Amino acid sequence: MKFNIKNGTPEKQRSACVVAGIFEQQKLTPAAEALDKSANGYITGILSRGDMKGKAGATLMLHNVPNSACERVLLVGLGKEQELGDKGYRDAVRAVFKALSDTGAADATLFLLEAPVKNRDLSWKVLQIAVGGLESMYRFDRLKSKVEEAEPKLQKITLGIIKSLTEEEQTASEEALQQGLAVGDGMSLAKDLGNLAPNICTPTYLAEQAMNMAKTYKLKVTVLEQKDMEDLGMGALLAVARGSRQPPKLIALEYWGGAKKGKPVVLVGKGVTFDTGGISLKPAGEMDEMKYDMCGAASVLGTVHAVAKMGLPINVVGIIPATENMPGGNATKPGDVVTSMSGQTIEILNTDAEGRLILCDALAYTERYEPEAVIDIATLTGACVIALGHVASGLLSNDDELARELLDASERAVDRAWRLPLFDEYQEQLKSNFADVANIGGRAAGTITAACFLARFTKKYRWAHLDIAGTAWKSGKEKGATGRPVPLLTQFLISRTTRQPGSTGETGSRKNRRKSKE
């Protein structure tokens with residue numbers, strides 16, 4: 001789907017559909033006013049009959065609007081004008097694309113940039129429309145023999161704006177559009193990987209996808225095999241892989257777009273392509289969803305894809321420890337003690353606490369990059385779902401400044417995160433009588449003790465941990481990967497390349513971007 005930004009008045013747009021907003025109490029936005037004036041009160045006449053009241057997310061499709069060059073006019077409710085915030089605006093965008101996908105329209109012109117969203121500027125709205133559009137049109141049907149839903153005919157979106165933009169506004173808007181499209185593409189990639197069946201998306205498959213991306217964007221990729229990990233002493237990662245016939249991989253994907261000797265930001269994504277729990281076997285119900293236990297890895301690949309597509313002037317390394325966690329005659333047993341790459345010994349009390357085992361070796365491996373900062377992303381604990389539900393990802397960090405950067409990015413991207421503590425007192429729960437540390441700390445504060453375990457392997461750099469167990473996928477009727485936290489991670493990296501006040505969502509200047517290879 002193609003996007004562009006264009007000045008003009010809505011009634012003169014030769015488009016299959018023009019979209020305009022309506023506030024509650026039937027107050028028209030400037031675009032709706034222009035359409036209504038051209039049509040001699042046609043729209044206000046319809047509204048006066050009660051067909052639409054401007055409720056947030058409501059839509060009304062009109063055909064043959066008098067004196068309008070377009071085939072259709074879609075009205076979308078924006079709620080109360082003084083209360084329009086992030087959620088209301090994003091809900092309206094999704095409602096628009098849902099309504100458009102149900103029509104035969106091949107193109108549409110959206111006049112939604114004029115809506116006054118609290119504490120957000122034009123660039124933020126442009127980015128949200130691009131991301132929301134791609135997200136709304138996403139389909140995953142590649143494994144079906146017959147496609148149940150016809151492909152949407154919508155191919156072109158124009159972001160219309162009545163007022164003339166300054167050169168600075170035009171540049172910032174175009175930049176935001178490219179960022180939004182890159183984020184949307186990165187989310188789609190992460191969703192595709194998460195939604196694939198686990199017999200397809202294996203550790204080897206993830207390595208192949210990284211190699212394909214490296215070829216496309218001329219990145220450096222390294223794939224460590226089991227023998228390489230043995231030589232490095234990655235006893236924790238290999239302990240998880242012992243029960244599976246699928247060979248484990250450790251994937252390193254390097255993007256060097258910043259200063260030649262600049263330290264990279266390293267993203268470490270948990271890549272358990274299927275998690276049975278191992279000998280500590282999970283219940284059968286909903287075990288199919290454990291194919292999503294590699295969504296941390298998927299988000300790293302999606303973020304690196306977005307960064308490379310934008311050509312950001314920053315150095316980023318993605319590290320993915322990938323394996324299955326299966327029971328078997330050679331599988332790790334509860335009570336086994338293994339030696340991690342760092343030299344620390346670990347008593348494995350529960351084989352279903354495997355994510356932290358593969359991450360601890362990946363985090364130790366990360367030291368060779370002398371990173372500026374490290375962020376690991378993992379579907380790590382059910383406790384995080386209990387604590388934060390499916391709205392916010394859990395954030396824990398050994399560095400306050402890094403945590404603030406990530407929280408700011410989460411607010412700008414509307415990809416929520418919430419910080420939890422890493423108090424030393426929680427380390428008491430990880431004590432073992434037989435090793436340096438146990439891999440679980442009991443039921444209490446499960447998200448925190450999991451991060452406390454990881455913190456033991458991150459002493460040499462600034463580090464943050466994102467627990468995405470509640471946000472990486474949806475269950476039930478809408479089952480599927482969400483693509484989170486690609487928006488948060490990408491915004492975090494964008495913010496590091498530009499001066500970007502948190503309240504306005506500014507996206508910076510094009511001149512700060514590295515030329516993209518696409």
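Yeah, the Cβs are placed from backbone N, Cα and C, and that goes for glycine too.
Site annotation (Swiss-Prot, ligand Mn(2+) 1) includes Asp352, Glu354; from Asp275, Asp436, Asp467, the additional listed residue is Asp275. Site annotation (Swiss-Prot): Mn(2+) 2 is bound by Lys270, Asp275, Glu354, and the candidate from Asp288, Asp293, Asp336 recorded at this site is Asp293. When Cβ atoms from all protein chains are considered, those within 10 Å of Glu354 (Mn(2+) 2 binding site) total 29, not counting its own. According to its DSSP assignment, Asp275 (Mn(2+) 2 binding site) is in a strand.
Note: the Cα of Lys282 (active site) and the Cα of Asp275 (Mn(2+) 2 binding site) are spaced 8 Å from each other.
If you take the Cα of Arg356 (active site) and the Cα of Lys270 (Mn(2+) 2 binding site), they are about 9 angstrom apart, rounded to a whole number. Cβ environment of Lys270 (Mn(2+) 2 binding site): Asp293, Met294, Gly296, Ala297, Pro321, Gly355, Ile358, Leu359, Asp376, Ile377, Ala378, Thr379, Leu380 lie under 8 Å away, each six or more residues apart in the same chain. The distance from the Cα of Asp352 (Mn(2+) 1 binding site) to the Cα of Asp275 (Mn(2+) 2 binding site) comes to 8 Å.
Of the binding-site residues Asp275, Asp352, Asp275 has the largest number of other Cβ atoms within 10 Å of its own Cβ. The active-site residues under consideration are Lys282, Arg356. Their Cβ neighbour counts within 10 Å are lowest for Lys282.
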